[in-house]
Amino acid sequence: MSHFFAHLSRLKLINRWPLMRNVRTENVSEHSLQVAFVAHALAIIKNRKFNGNLNADRIALLAMYHDASEVITGDLPTPIKYYNPQIAHEYKKIEKVAQQKLIEMLPEELQHDFRCLLDEHYYSEEEKALVKQADALCAYLKCLEELSAGNNEFIQAKVRLEKTLAMRQSPEMDYFMEVFVPSFSLSLDEISLDSLD
């Protein structure tokens, strides 16, 4: 018997942004799906508009599993995780152990197929960068949603994430920011009006 998917199903029980007041709580499972949507889009944008040659389907899968180890480690708040290089390095080692534990839960004949999704060492540098871009973009989108709902708790997180996005800047991310991100600050009525015309 394998407990792999029973563990993954518990990602929905792990809340993100645990030290901040949230208008709407976000869990790791739904965050992972949004990161998969965005990473897939970034890969397609890169391929179509900027001469990329990425496997967008694989990128979506990598993004889907990018936080899977948090079912074992929990979601450590970013300011703690990256407080200094030593803590960040040690936390990476903890994540690696958690990834390995998850892989070992699988039947042996399936381990290789999932190892290349769960273990970042199997990602190309380009794949890794794109998933990290999508992850940061989704955190930024969460900030926009919270701020548009009147929650000023996310002001500093938004500023921090703008710096992160600037460091990870790419043509495909610029395109996504210009074409898709403005809608995240609008109400349902505002985004529905355009689609009904």
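The first residue you see is number 1, and the count goes up from there.
Each Cβ is built from the backbone N, Cα and C atoms, and glycine gets one as well.
Swiss-Prot lists Arg16, Trp17, Asp67, Asp75, Leu76, Pro77, Thr78, Asp135 as binding substrate, and of His3, His31, His89 the one it places in that same site is His31.
Inclusion criterion for the recorded positions Arg16, His66, Asp67: a C-alpha placed within 10 angstroms of the C-alpha of Pro77 (substrate binding site); this criterion is met by Arg16. Put simply, of the recorded positions Arg16, His66, Asp67, the one whose Cα is nearest the Cα of Asp75 (substrate binding site) is Arg16. Same-chain neighbours of the substrate site beyond Arg16, Trp17, His31, Asp67, Asp75, Leu76, Pro77, Thr78, Asp135, judged by a C-beta within 8 angstroms of the site's C-beta center, are, in sequence order, Val28, Glu70, Ala139. DSSP assigns Asp75 (substrate binding site) to coil in the three-state reduction, placing it in neither a helix nor a strand.
Predicted-model confidence for the domain 'HD' (28-140) is 94, expressed as mean pLDDT.
Neighbours of Arg16 (site 'Appears to be important in orienting the phosphate for catalysis'), defined as other CB atoms within 10 A of its CB across all chains, total 20.
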